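Heads up: the structure comes next, in structure tokens.
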Ligand SMILES: Nc1ncnc2c1ncn2[C@@H]1O[C@H](COP(=O)(O)OP(=O)(O)OP(=O)(O)O)[C@@H](O)[C@H]1O
Ligand SMILES: [Mg+2]
């Protein structure tokens, strides 16, 4: 079986800064795979490389066995990859549900003429997309905001909205960059629940998170980065007992 | 609420229709009709420009170029080659679409000031060509344009028509025609905005990376909206030429490009009704302040600057949020 996401000797340097250096690992379909490490370890850079936002300085990423080197982020979305951002990326010029409906972009193919004259096919597609999006908003726990302007929503609600948008694209693998950042204990517990439910649907989850309790509880495997390099890789038990990790990170 | 699509767009359209059709109740002299017709046609172009600027967050400082191309294409085809007005308008729009697509692909990769400069250059080049091709365009002196015609039937501001047994003067007929064109332009724009394509366009403004990771080909949509807004300008330019009966390269000038952008910014980027108000205000202002003729560009520049500083959302959205705040305050007071 080929891994869903395979990373081989991946490197990225910004000038003299080696943000990611010679990183290799693979993620099987259906796993919850977490990437941890101290601030500046290169976690976000790794996600940006995997999702095609950055061009690597070395190595490669494969999605379902196919190299992503020549693919744009939107083409990766077509192949079943979607993500959220540490620096939330919400379209503040839209309502909450429109943000989620944007996630349905690839499933909503309508011609320019159908659109301009608002033919029945368009209205049907829009209604279906709206229903599906409302369902997803309820699923992530921001169902009460439907037609609220995104700019009027709280930080926590926007974080959930961003997840709903990613799910709306019906991804095979979703990458969440620090979804618990800025959330309180109750919200974090709800998030843990949500990530479990996403995984239960068969969606592969890649997660960057600082909240150790959350990460250790839900991950199948973890990757520990330190100064851009792999410090350790394995199951939560293995990571917890790894002396390097204890010395460099958990212990520190 | 989930099963029903929100229909906010229709409110704006109905409001606009009421205004358009009640204008003839208040004016009657040909000069005023002429002004109203001109405003409606320019407003149509501004609605198109707003798709690019207000919704997709891109800029064009050369949009008058496309307005001018449409105007001249129709003028030349109908006068020199004897085409009928509608085929000239349609073929002109297609030609402008192709031009916009060809220049749009490379320049829309640019952002901010670079895109401003590139679009500015596009406008300048078009204006220079129209000025220099004396043989076909008449150069800086301009050229006459035959009246608009449909199947041999001519629409001229100086004609007399009868509709459902009512006698209608040419100016009123032109005004009604331009008003209906504007309503159609707004209806199409609103349909576009409230659709998957429209969301993709707005997401390019809202967050380009968010758009790309959910599968939006942002480069494609930027080109698309650039082409659509150029077609709007081209069609309105063609009609404007027929209405005026005479055009000069000023229809493609830098000044006119800046006027169009100022209308968008003043009225409210991303508000279709707002930018129409912007067009009305900025077309009427020079009439009211006739003494300032020389200072017109200075005045528009000042308005552009003051709006961006003090009212970055523009007239209508600012007024709307002001009213909403007042309302919620008084509602809060009741509680
Ligand atoms: N676009 C960039 N240009 C220059 N340097 C960058 C860029 N992005 C990241 N870096 C640098 O690369 C290193 C890794 O950054 P990255 O954001 O990947 O870390 P991180 O593990 O996500 O940290 P955090 O936990 O704070 O989010 C840092 O030293 C950072 O300053
Ligand atoms: Mg990070």
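The first residue you see is number 1, and the count goes up from there.
Cβ coordinates are placed from backbone N, Cα and C, and glycine is handled just like the others.
All TrEMBL annotations are machine predictions without curation.
For the ranges B:63-82, B:83-102, the feature annotated in TrEMBL as transmembrane segment maps to B:83-102.
Segment annotation: TrEMBL labels transmembrane segment over residues B:12-29 (candidates B:12-29, B:138-155).
Feature annotation (TrEMBL): of B:172-193, B:194-215, the stretch labelled transmembrane segment is B:172-193. Sequence-remote contacts of a segment are chain residues at least 6 beyond its ends whose Cβ falls under 8 Å from one of its Cβ atoms, and for the transmembrane segment (B:258-285) they are 12, 15-16, 35, 38-39, 42-43, 45-47, 49-50, 53-55, 59-61, 63-64, 67, 182, 186, 189-190, 193, 202, 297, 299-301, 303-304, 307-308, 313-318. If one looks beyond the transmembrane segment (B:83-102) by at least 6 residues along the same chain, the residues whose Cβ comes under 8 Å of a Cβ in the stretch are 66, 69-70, 73-74, 77, 146-152, 223, 226-227, 230-231, 233-235, 238-239, 242.
A contact between the transmembrane segment (B:35-53) and the transmembrane segment (B:224-243) is present, since 3 or more of their C-beta pairs, 6 or more residues apart, lie under 8 Å. The largest share of C-beta pairs under 8 angstroms with the transmembrane segment (B:12-29) comes from B:172-193, of the ranges B:172-193, B:224-243, B:297-316. Beyond the ends of the transmembrane segment (B:297-316), by six or more residues, the same chain brings 255, 258-259, 261-262, 264-269, 271, 273-275, 277-278, 281-282, 285, 289 to within a C-beta distance below 8 angstroms of the stretch.
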